[in-house]
Amino acid sequence: MDSITTIETFIQHIPKAELHLHIEGTLEPELMMKIAKRNEISLDYESVDEIKKAYQFSNLQDFLDIYYAGANVLRHETDFFDLTWSYLTKAHSQNIVHTEIFFDPQTHTERGVAFSTVITGIHKALEKAQNELGISSKIIMSILRHLDEDSALETLKEALPYKEWITAIGLDSSEVGNPPSKFARVFEKAKTEGFETVAHAGEEGDAGYVREAIEILKVSRIDHGNRSLEDELLIKHIVENKIPLTVCPLSNLKLKVVKEAIDHPLLKMLNRGMVATVNSDDPAYFGGYINENFLAMSEALNLTAKHVHQLSRNSFIASFLTQEEKSKWIRETDLYYEQYHGRIE
Ligand code: HPA
Ligand SMILES: [Zn+2]
């Protein structure tokens, strides 16, 4: 192991779980071009540089338009396998030992790609990662909230034969105007079928969206949750009930949810006693994987090894691992902290 003397090396080496990662958002421009070529799909861009240049967003919708367009190159099981495997090797290189990934089936079924094609490709890569890299994982099937309830119900039905592979149901896409209550019946059915539930809330939508996700959808954790800080009673509820927040710093900066890195509420969340975690969301689009997210916050907010340890610990606490698995990894992060924190310059 490299000697651990800086906060960067501490961040790099500490075992981490990633809990907020859209697999379609890991499609790097190089892989997008490669898959487009083999599937004989013409792109609007001539080069990797041109693709990267197009990644300028002023809000969530700007990003989503480009993200859904990028996903259009994914047609076959091998495309989903390659996409997922590419993320997993990157995750491994950053000491992610457990990952819970979102996939958006409607992004693919709406354009004629079968649900089974998508999930089988993803599942095979996750299985390989467990065997060859020792990374454990869960799949979260995310509902596109800009589409209607019928489409969500149909998607939930398609997921039932794959229950063994899918741990939780999530909610993503355009938040404002598509509140959690729109999917009350979908999430109720998901719970009845035995799925865990999570939802994106409080990214662009106000604290009311977070409240609805908790009260109506009965989610186990909130994805983003930034705007819950605008409501003291809600903060109290989140803290008392230990509802984790899967926070995505670089995403928040790129989508202008937060103006500057120094304004990011991550430290405030920790100081208020919230179970905050650090995640990369859509790393191919937002300029960094999990360690770059930690680093950006470490630089802007002067995070100490203690904060990084707390965030890594939180990632296992907030995961869908069993209590026994959580305890094992929490012990690992504790040992790691005890061994190295005194050496950081
Ligand atoms: O950050 C996000 N928010 C909402 N929907 C998404 N789909 C991919 N990433 C996101
Ligand atoms: Zn997200």
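Each residue, glycine too, has its Cβ placed from N, Cα and C.
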Listed co-binder of Zn(2+) (same site as HIS20, HIS22, HIS200, source TrEMBL) among ASP263, ASP281:
ASP281
What's the CA to CA span in angstrom from ASP282 (substrate binding site) over to GLU203 (active site, proton donor)?
14
Where among the recorded positions GLU203, HIS224, ASP282 do you find the Cβ with the fewest other Cβ atoms within 10 Å?
GLU203
Could you measure between HIS224 (site 'Important for catalytic activity') and GLU203 (active site, proton donor) for me? Cα positions, answer in whole angstrom.
6
